[in-house]
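Trainee: The domain 'Major facilitator superfamily (MFS) profile' annotation in TrEMBL covers 61-499. The region 'Disordered' annotation in TrEMBL covers 262-284. TrEMBL lists 54-77, 97-117, 129-146, 158-177, 189-209, 229-251, 296-318, 338-359, 371-393, 405-428, 448-470, 476-494 with the feature transmembrane segment.
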């Protein structure tokens with residue numbers, strides 16, 4: 001293991017404040033760089049007033065590669081319960097338990113490796129890390145499709161999660177292909193690609209699973225009957241293969257040190273040289289302790305974790321509320337209706353992100369981030385209205401269902417305003433990283449914070465919801481009060497980021 005990996009903290013990401021002298025003492029001799037190198041990317045580019053043209057081909061390749069990650073993660077959603085039930089000889093509540101283990105294995109692998117991949121991309125380049133991650137994702141997705149035991153399912157999903165940790169390197173490429181003048185367009189589009197992937201993945205899984213019965217004319221053979229879920233995995237792996245070929249033959253290296261060695265230009269180098277600023281030198285990437293000694297980086301990581309925590313709260317509790325009977329404070333929606341609601345949520349998200357570049361240019365990155373985070377308390381408070389309306393509709397024998405759906409759509413709209421912050425946190429991470437050579441590490445830290453927070457948010461809100469309903473605390477709405485308070489607290493690091501940014 002690289003010597004600097006030992007700096008990776010397993011404790012809280014919020015390190016104690018340090019003096020300037022203490023922060024500088026953390027730098028080893030080979031990590032010390034001059035002031036111009038360690039100044040953030042944001043300050044180096046503020047001199048630019050004209051909008052730099054986006055490198056469309058390179059961004060298109062990156063977006064295609066990014067598409068693989070959500071598709072590989074969601075294509076199994078339509079059939080995973082049936083697959084696990086068959087392999088583990090389980091039914092009912094036991095299926096949920098085993099399915100939960102599969103999801104936990106994937107998430108745990110992602111958390112454990114995301115920093116490592118980011119660090120490797122800072123050392124050896126973005127391109128090799130992306131190629132490795134995409135190739136192995138394709139391979140292990142195929143192996144998942146031919147799994148004949150629950151242990152194999154668990155192992156292959158763990159390995160897919162391990163190599164999905166390369167997303168930090170993909171984020172870094174987008175950051176290095178853009179600058180302050182065009183990032184407000186590139187990052188929202190990047191996030192839209194993720195939303196499309198989350199929609200396409202389940203569609204692949206639902207359409208191509210069990211082809212021997214769905215498409216007997218072409219697939220009614222012993223192989224497809226023995227492996228009913230191999231076809232969606234094959235389709236997913238084929239998409240990954242196309243992305244892999246693009247990564248190998250079209251994608252250019254963007255890590256500054258590697259880019260110069262290959263004489264590859266970028267929007268950064270062109271823009272900086274035009275304004276009298278040479279590209280940063282081949283400084284070695286900074287360690288985690290060094291980055292966390294910078295208050296603004298600590299606040300970016302903490303804000304990233306806080307965002308993931310409250311977003312995970314909503315995504316979990318909305319489905320719980322939608323499924324729960326009206327008498328217990330829920331909406332009593334059918335599974336098909338829950339699916340329709342989630343489709344509305346995804347559609348709203350795409351349209352909001354299409355308008356996001358204009359909002360970012362008009363309001364600014366940090367102001368927009370504050371608006372998004374401040375929408376979460378309002379979103380959770382509005383969920384009480386859903387239960388109130390559902391009770392009225394139930395008492396009226398179903399009359400007023402249209403009004404109920406208007407209210408549901410409004411709450412989902414508010415939640416997607418809050419989730420726009422995921423695009424912005426990538427911009428903030430890039431803008432405050434002290435040099436491109438450390439961008440992969442910074443992205444890995446921010447994603448680690450998100451994954452770590454998300455891992456706990458689902459269990460916490462599920463427990464709060466069950467406790468509120470069973471004990472009838474605050475009329476069954478104690479979970480709403482807790483969610484509002486937690487989302488208010490999540491705004492603290494955002495305000496701290498403003499303070500350190502202003503300083």
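Just so it is clear, glycine is given a Cβ too, placed from its N, Cα and C backbone atoms.
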Trainee: With pairs restricted to those 6 or more apart in sequence, evaluate whether the transmembrane segment (189-209) and the transmembrane segment (338-359) have 3+ C-beta pairs under 8 Å.
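Mentor: They are in contact.
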Trainee: Ranking 229-251, 338-359, 371-393, 448-470 by Cβ pairs under 8 Å to the transmembrane segment (405-428), which is first?
Mentor: 371-393
Trainee: With the transmembrane segment (448-470) as the reference, find which of 54-77, 97-117, 129-146, 158-177 contributes the most Cβ pairs under 8 Å.
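Mentor: Counting Cβ pairs under 8 Å, the winner is 97-117.
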Trainee: Averaged over the domain 'Major facilitator superfamily (MFS) profile' (61-499), what pLDDT does the prediction give?
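Mentor: Across the residues of the domain 'Major facilitator superfamily (MFS) profile' (61-499) the model's pLDDT averages 84 on the 0 to 100 scale.
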